[in-house]
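Have a look at the structure below, then the notes.
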Amino acid sequence: MTINLVPLLLSLITIFTIFNPSALADQSQIRSTTSQWLHFSEDLSQSTIEVSIPTIIAAVLSFFAASISSAGGIGGGGLFLSIMTIIAGLEMKTASSFSAFMVTGVSFANVGCNLFLRNPKSRDKTLIDFDLALTIQPCLLLGVSIGVICNRMFPNWLVLFLFAVFLAWSTMKTCKKGVSYWNLESERAKIKSPRDVDGIEVARSPLLSEEREDVRQRGMIRFPWMKLGVLVIIWLLFFSINLFRGNKYGQGIISIKPCGALYWFLSSLQIPLTIFFTLCIYFSDNVQSNHTSHSNQNSEQETGVGGRQNKLMLPVMALLAGVLGGLFGIGGGMLISPLLLQIGIAPEVTAATCSFMVLFSSSMSAIQYLLLGMEHAGTAAIFALVCFVASLVGLMVVKKVIAKYGRASIIVFAVGIVMALSTVLMTTHGAFNVWNDFVSGRYMGFKLPC
C-alpha cells in the first residue's frame, strides 16, 4: 500500500510547486543568474506566457498526451509539438523548446518509477535494459545530430513526405505487433492453471508491479552502476560538444563562427566518439552474453535473430532512428520503440528502456535551450511539471490495468495510438505550411546547411 502512495505524493508535491509563487520566483532567479553568466540575459526578457484560453486548453491536452505516452515509454514529442503549434499558437522554434522540456518531464517520471524494478524474465536485472541502452545510445545521439543537419538542407515538402510514410508504416507494424502480443496473452490465459483464481497469473507482465516489496523479500537486484556511469559519460561528452559548438545562430559557450571550420570540427568529433564507444560495447563479453540471453528469451516469439546479429543490427537501427528523429524534430523514442518491439524485446522492457534513452536525449536538448537563452522558460517549466504529473498518473493507471487483466500488450497499443495521432496532426499541420510556401512563391528546393 505504501508503494502505491509514492506516485501520489510526488504528484501532490509537484502540483504545490506549480502553484507556489515563491517557487516560481526562485526558478526565475536561477535562470537570471545563469543567463547573466552566459551573457544571454536579453533572450530571457519574457520568461512566461500570459494565461489564456488556448494556453489552458494546450495544458489539458498535454496532460492527456503525457499520460498516454508514458505507458509506451516514448516521450510524446510529436503530440506536444502539434499541441503547442496548433492549439497554443507558438512558433515552431518556440514549440520545439517547449516540447523538449515536456518530454523531459514525462521521461523523468517514467525512469524514476522503473529504475529499480525487476525485469520479469531476469529476476536479478532491472526492468531498464542497460545493455540495450549502451548499444543504442551513442549511435542514436550521432543520428540526431546528422538528422538536424539534414533538416536544414531538405525542403519542407520532402521532410513531410518522409515523415508521413515512415510513421504510417511504423504505426501499422506496431499495431500488428500489439495484436500479436494480445493473441499470445489470450492463448496463455486459456492454458492457465485452475488454481489461478483471477486468471492473470500466467499472462501478467506488468509495467509497474509490486516489485519493490519483492526486492525487500529476496534481496536487492544487481544494479549496473558501471553501465550507468558509462552512459552518463557518453551524455556529458555529446552535451559538451554541442554546448561548445553552439547553434547555427552562433549562440554557444565560446564564440564560434556558425558553420566555420571549428564548428564542423567540433561536430565531426561525435563520429569517432560514437565509433569508439560502439566498438567497445560491441566486443564487451558482458554485454554480449546479456544480448544472447535476450535472444534466447525471445525465441518463443519467433524473432529469428541471434544475439550477435542483434548487436550488429541495433546500432544501425539506432543510427537510422536518430537521423529520422532529428530530421522530423521528434526525437528518437517514437522511432526506436517500434524497432525494438519488432526484434522481440518484451513490451515492458521496451517501454522502460526507451523512456530511459529519451531522458538522455531530451534533457540534453532542454538544458541547451535553457543555457543558450530560450524564451518563455518559466512557462516551459510549468508545462514540464504538468507532464511529469500526468506521466505518474498514466503509469499508475497502466499498472492497475495490467495487474487486473494481465495484458502487457496495452503498452504496444499505447505506442501505436501516440504514433497514429502524431502522424495525423503533424502531417496535417505540415501540409498547410507547405501549401502556404507554395502559394506565396517561396523557394522549395534543397538548401545549404548554413
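In case you wondered, yes, glycine gets a Cβ from its N, Cα and C as well.
Here's what Swiss-Prot has on this protein:
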{"type": "TRANSMEM", "residues": "5-25", "note": "transmembrane segment"}
{"type": "TRANSMEM", "residues": "48-68", "note": "transmembrane segment"}
{"type": "TRANSMEM", "residues": "70-90", "note": "transmembrane segment"}
{"type": "TRANSMEM", "residues": "97-117", "note": "transmembrane segment"}
{"type": "TRANSMEM", "residues": "130-150", "note": "transmembrane segment"}
{"type": "TRANSMEM", "residues": "153-173", "note": "transmembrane segment"}
{"type": "TRANSMEM", "residues": "223-243", "note": "transmembrane segment"}
{"type": "TRANSMEM", "residues": "261-281", "note": "transmembrane segment"}
{"type": "TRANSMEM", "residues": "316-336", "note": "transmembrane segment"}
{"type": "TRANSMEM", "residues": "340-360", "note": "transmembrane segment"}
{"type": "TRANSMEM", "residues": "378-398", "note": "transmembrane segment"}
{"type": "TRANSMEM", "residues": "408-428", "note": "transmembrane segment"}
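Take the transmembrane segment (378-398) and the stretches 48-68, 70-90, 130-150, 340-360: counting Cβ pairs under 8 Å, 48-68 has the most.
The transmembrane segment (48-68) is not in contact with the transmembrane segment (261-281), judged by fewer than 3 CB-CB distances under 8 Å for residue pairs 6 or more apart in sequence. Only sequence-distant pairs (6 or more apart) were considered; of these, fewer than three Cβ pairs between the transmembrane segment (130-150) and the transmembrane segment (408-428) are under 8 A, so the stretches are not in contact. When Cβ distances are compared across the two stretches, the transmembrane segment (70-90) makes contact with the transmembrane segment (340-360), since 3 or more pairs at least 6 residues apart fall below 8 angstroms. Of the ranges 153-173, 261-281, 408-428, the one with the most Cβ pairs under 8 Å to the transmembrane segment (316-336) is 153-173. Counting Cβ pairs under 8 Å to the transmembrane segment (153-173), the stretch among 261-281, 340-360, 408-428 with the most such contacts is 408-428.
Within the chain carrying the transmembrane segment (408-428), a Cβ under 8 angstroms from the stretch's Cβ atoms is held by residues 65, 68-69, 71-74, 76, 78-79, 81-82, 86, 160, 163-164, 167-168, 170-171, 174-175, 177-178, 181-182, 185, 203-207, 328, 330, 334, 337-338, 341, 346-348, 350-351, 398, 401-402, all 6 or more beyond its ends.
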